[in-house]
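Visitor: One structure, pasted below without further comment.
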Amino acid sequence: MNTPAYIGRFAPTPSGYLHFGSLVAALASYLDARAVGGRWLLRMEDLDPPREVPGAQAAILKSLENYGLHWDGELVRQSERHDAYAALVDELLQRRLAYACTCSRKQLEGYQGIYPGFCREAGHAQDNAAIRLRVPESRYGFVDRVQGQYSQHLGREVGDFVIRRRDGLYAYQLAVVLDDGWQGVTDVVRGADLLDSTPRQLYLQELLGLTQPRYLHVPLIIQPDGHKLGKSYRSPPLPADQATPMLLRALRALGQPLPDGGEQARAEELLRWASQHWDASRIPRTRTLAEAQLR
Ligand code: GLU
Ligand code: ZN
């Protein structure tokens, strides 16, 4: 009775439609939750209107429904959470954990994306400046359920990172941590492209006094030629009439068993069977998986 409930989530960004790689991540997250009778939430990470593709939000919801991936409760949109992010940025500034940065892209060239700390003690005004979070000179790590031990030295490998952009948009790192905490997420299952965001998120959780969720990073599906599957506007949406074959292909990518005659099953039936046979230990322990290997 008192065991903490499992709360998982899928958190797509509407900068494109769902493609096969996002299906693999959504499916893993869904099955990991359903296998233990957990809840599965949906959060639209629509933080960046300029990069949003018109119609992508509706198409994502439609794809999930067509594929039988029904979520619990109300859809949450990050675009409706700006007050919470603003309050958090203020709090971090007050606590002197964050500061305003006015460096231009040009000034930051040649530092390999690791902020050299120019504005740390400058005391710039907030307007027309990015807000950066100070990182400690220490290592943050965790044990991923698939990828194993992973850590980064925040000072040396990441540097002070942006939590609010100069144009006023809130950063993914900030919003994801606040919202996972706010929604009570116990288990984050997502693509391995976010493995190297996790130490930053652990640090933010620590600052906010949040409980660390468990993490499972599934392999990122790449093209046979090694290129990333387009997350861009060019990638076609998941074909609506191909739910069963695409789900079977995604299950295969996740190393899961397939039911006899699965090709004839409806998406919902297939998902029920797959949740009963879900075994996360069979997921390939690799950060990327070329699609050609799956055939
Ligand atoms: N919105 C992020 C993405 O689509 C995923 C966030 C997460 O799962 O933590 O890449
Ligand atoms: Zn700066």
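Using N, Cα and C of the backbone, Cβ positions are placed for all residues, glycine too.
Where the annotation comes from TrEMBL, it is an automatic prediction and has not been curated.
Okay, these came from TrEMBL:
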| type | residues | note |
| --- | --- | --- |
| DOMAIN | 9-231 | domain 'Glutamyl/glutaminyl-tRNA synthetase class Ib catalytic' |
| BINDING | ARG9, PHE10, ALA11, PRO12, THR13, GLU45, TYR172, ARG190 | L-glutamate binding site |
| MOTIF | 12-22 | motif ''HIGH' region' |
| BINDING | CYS101, CYS103, TYR115, CYS119 | Zn(2+) binding site |
| MOTIF | 228-232 | motif ''KMSKS' region' |
| BINDING | LYS231 | ATP binding site |
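Quick one: where do these features end up spatially?
Guide: In this structure, THR13 (L-glutamate binding site) belongs to neither helix nor strand by DSSP; it is coil.
CYS119 (Zn(2+) binding site) counts 19 other C-beta atoms within 10 Å of its own C-beta, drawing on all protein chains shown. Mapped onto three states, the DSSP output places CYS119 (Zn(2+) binding site) in coil.
Restricting the average to the motif ''KMSKS' region' (228-232) gives a pLDDT of 60.
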Visitor: Identify which of the binding-site residues ALA11, CYS101, CYS103 has its Cβ surrounded by the largest number of other Cβ atoms within 10 Å, counting every protein chain shown.
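Guide: Checking each of ALA11, CYS101, CYS103, the winner is ALA11.
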Visitor: Quick one: what's DSSP say for CYS101 (Zn(2+) binding site), helix, strand or coil?
Guide: strand
Visitor: With GLU45 (L-glutamate binding site) as the reference Cα, tell me which of the binding-site residues CYS101, CYS103, CYS119 is the closest one.
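Guide: Nearest candidate: CYS101.
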Visitor: Cβ within 8 angstroms of the Cβ centroid of CYS101, CYS103, TYR115, CYS119: which residues besides those meet this for the Zn(2+) site?
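Guide: These residues sit around the Zn(2+) site: THR102, GLN107, LEU108, PRO116, GLY117, PHE118, ARG120, ALA130, ARG132, ASP160.
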